[in-house]
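Colleague: Annotations for this protein, taken from TrEMBL, read as follows:
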- 41, 43, 70, 91, 119, 134: S-adenosyl-L-methionine binding site (BINDING)
- 48-219: domain 'Ribosomal RNA adenine methylase transferase N-terminal' (DOMAIN)
């Protein structure tokens, strides 16, 4: 008697495959796929989200307007809304902005949430008292300086960054991670490390751990032309462990300084001596302020501020 071939097994397998595909499709419809190219890593641990709001932002007042950068699906936003007067959430991804809007739809919090869809770096920010952000790694540095340039000054910012970037912000002279970013940030703000957050607390998990820092702008800010200051920092931190004299002796640096000096003299109707040497002028200035043998890696913000005007003649 010939064997009877049953189609049951094949039918069940096809049915299961169809069911799995339907489940996956439903999951995608209910939860948007995160875009790694936008640095989307959503904080999924509710305890950490609550800790950030309750302990880190313990000074949050019921009258505060909070700027949240990169709210994602709103795990932090909903907790901030419980304490603040208003939240202005800036989200680049329209899909996530729609998810956040749905989350508060029909609730009292809806009236206190203002969602701005767009690039925070290119957006004119409204007034805010506090900024809280799970910061996409691509905009970490631009966001810092956009916030510090914002007027009127805000009270504080609680920002989450990739751990190494956060450690650069708080690094002190002599630390391996001490760099131009450290000095420029600490010029305008007091920066404190608050907590470390493991990568498994995010969805999808990033490749590295994160850290939360608290930034309090210095009020009033130092009366410094930032472009001139940053120009100086770019020179001295190219080789931060070399002496400042060695950094300023390079041909490329001397050429830039000479062109700038001649432009300055022309604008101010100052004569330049026929035997003028930019190298001798630079070395003279460095020696007069006692910086010729100093190294940027060992100098703090106050050291640079003491003599910054001498560098620009």
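Placed from the backbone N, Cα and C atoms, the Cβ positions cover glycine too.
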Colleague: 10 Å Cβ neighbour count around residue 134 (S-adenosyl-L-methionine binding site)?
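Modeller: Step by step: centre on the Cβ of residue 134 (S-adenosyl-L-methionine binding site), count other Cβ atoms within 10 Å, giving 25.
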Colleague: If you count other Cβ atoms within 10 Å of each one's Cβ, which of the binding-site residues 91, 119 has the most?
Modeller: 91
Colleague: Can you tell me the mean pLDDT for the domain 'Ribosomal RNA adenine methylase transferase N-terminal' (48-219)?
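Modeller: The answer is 92, the mean pLDDT of the model over that range.
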Colleague: If you count other CB atoms within 10 A of each CB, which of 41, 43 wins among these binding-site residues?
Modeller: 41
